[in-house]
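Below is one structure, written out as structure tokens, with a few remarks after it.
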There are 2 protein chains.
Amino acid sequence: MELGIVFLGTSAAVPTRYRGLPSIAVVHRGSIVLLDAGEGTQAALTRAGLSPLRVEAIFITHLHGDHFFGLPGLLQSMGMLGRKTPLLVAGPRGLYGFLREAFRASRWLPGFPLYVAELEPGEKLVLPSGLEVESFPVSHTIPAMGYRLVEPRRKPRINIEKARRLGIEPGPLLAKLQRGEPVTVAGRIVRPEEVVEEQPRAVIVYTGDTRPCPTVVEAARNATVLIHDATFTSSMAREAYEQGHSTARDAARAASTADARLLVLFHISARYETPDPLLAEARIHHDNVVAAEDYLKIPIRP
Amino acid sequence: MELGIVFLGTSAAVPTRYRGLPSIAVVHRGSIVLLDAGEGTQAALTRAGLSPLRVEAIFITHLHGDHFFGLPGLLQSMGMLGRKTPLLVAGPRGLYGFLREAFRASRWLPGFPLYVAELEPGEKLVLPSGLEVESFPVSHTIPAMGYRLVEPRRKPRINIEKARRLGIEPGPLLAKLQRGEPVTVAGRIVRPEEVVEEQPRAVIVYTGDTRPCPTVVEAARNATVLIHDATFTSSMAREAYEQGHSTARDAARAASTADARLLVLFHISARYETPDPLLAEARIHHDNVVAAEDYLKIPIRP
């Protein structure tokens, strides 16, 4: 899979029989970026057939235990598996102190380069794999942020129609243009920009825990996939806002306003045995909605 | 189940597809005592149909991450489930600082009375349920201890044969003796001690991670169940000792020397797809051996 999403845990607050605590793997070529790392993430990675050694970065949305208590065990397992490559762990202020104390208590230090970054919303990083990650503010009961992942720039594609109109047939001249060099056709210089075009880049947006929030809509503008807090149905809207969460309807409205292509309902309360009531109300507002479930795989570029 | 054991996680160091990280539930009447709490304990409790609200105490053998990183999430879930009853968490020095930092980072404090006790080997407690718990020293790579659990004193049972020899048939006289009162039979005073006898108390011993060690044999003397580190087979004895562990043969020899009735091989390395090689070598030295597996239930008093 060139690019895709594997859901490792999809519950809210407490694990259920069927749903583990929040964690999402974005798989890009050989490497994995984790979004949140609730307790049980390392076991879920193993069950999903994803090696912890391929994780290049972990982004934590906020420091509620269900979203990051899986970190110390995951990092130690990476060490036990012989990891030598660097790892970035990024999240809100407080993350560093927590990890330091977990390492201290368990008398362990990573045997690989571990970078812990305490981020603010609005920061942007480019990972070694080329994935761009940007944090954006959301509205929860404690400081929290979402993450917007943008696929690396892809090899420009030649528009064969345009080329033909300029008198260039597929062959060595086109190849030269694709390499970024100008060619001469019937005495006229044709520059690459005239026939190649940028390919659209996939955008994955994950809100973490949030109330409905304009910054989410902004971050999710034209996103390929929006993974949105959908803890409750709208019959529990008051509880949702009090607890810093969204309803499935809120999620669908945000996806619709932002023109996000696919909406994934995420962080589903243990009170719902099936996600059907959440899906039903979301589909009134957006026509491409799925409910996250553990080990669900969404290929973006298969 | 009046008294029994439910295995929640049985692996060594890292979780596998089939085995979670170490945790054992000792169920005694309505209440649960946990021995170790590796990452994933709360989810395993739920899957085993055991409520986290029934846990009265948690004993940690040593502060290697795989044995206690499940604590913060478990405690927070107890809070979210509305726990109000007291909880004891006991383990080696360093436990308190770890929990305090986990709570601080996640901006959470328990809404129930939480007692954190940093124990030394050789300490003894009696829990509210009446279970007696004693820590004993073991030999690992860091300070570590095992736990010996003794069932509460049981209602004395009348020896019908003895009573008959004294001329007492089942009926009101026997009932009186059972209540602890003397009776007069054919002019002779019979005291309760002459016909009632103490019932043996079940003893469950858990070593945690340890090399073969005489203190284990001492603690396991006549135990009903000995749950022993059996990370490797004896072909890897050197690795076992270097890493502070036992082989299945070591475990069986300890059980045999101690006259423990049942031996449970525990903390099984991920390298064994089935426990058969461990069982094979253990059964040479002890005739009542099982290998722990996740969700295995051992009823002691059904």
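Sequential numbering from 1, following the chain as shown.
Cβ atoms are placed via backbone N, Cα and C, with glycine included.
Curation plays no part in TrEMBL annotations; they are all automatic predictions.
Features as listed in TrEMBL:
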- B:20-245: domain 'Metallo-beta-lactamase' (DOMAIN)
- B:H62, B:H64, B:H140, B:D209: Zn(2+) 1 binding site (BINDING)
- B:D66, B:H67, B:D209, B:H267: Zn(2+) 2 binding site (BINDING)
- B:D66: active site, proton acceptor (ACT_SITE)
Do me a favour and check the Cα-Cα span between B:H62 (Zn(2+) 1 binding site) and B:H267 (Zn(2+) 2 binding site); whole Å is fine.
14
Compute the C-alpha separation of B:H267 (Zn(2+) 2 binding site) from B:D209 (Zn(2+) 1 binding site), stating it in Å without decimals.
8
Roughly how many Å lie between the Cα atoms of B:H140 (Zn(2+) 1 binding site) and B:D66 (Zn(2+) 2 binding site), rounded to a whole value?
14
Listed binding-site residues (B:H62, B:H64, B:D66, B:H67, B:D209) that sit near chain A [CB under 8 A]:
B:H64, B:D66
Could you tell me the mean pLDDT over the domain 'Metallo-beta-lactamase' (B:20-245), as a whole number?
95
Using the Cβ centroid of B:D66, B:H67, B:D209, B:H267 as the reference point for the Zn(2+) 2 site, which residues of the same chain not in that list have Cβ within 8 Å?
B:A12, B:A13, B:L21, B:P22, B:D36, B:G38, B:T61, B:H62, B:H64, B:G208, B:D229
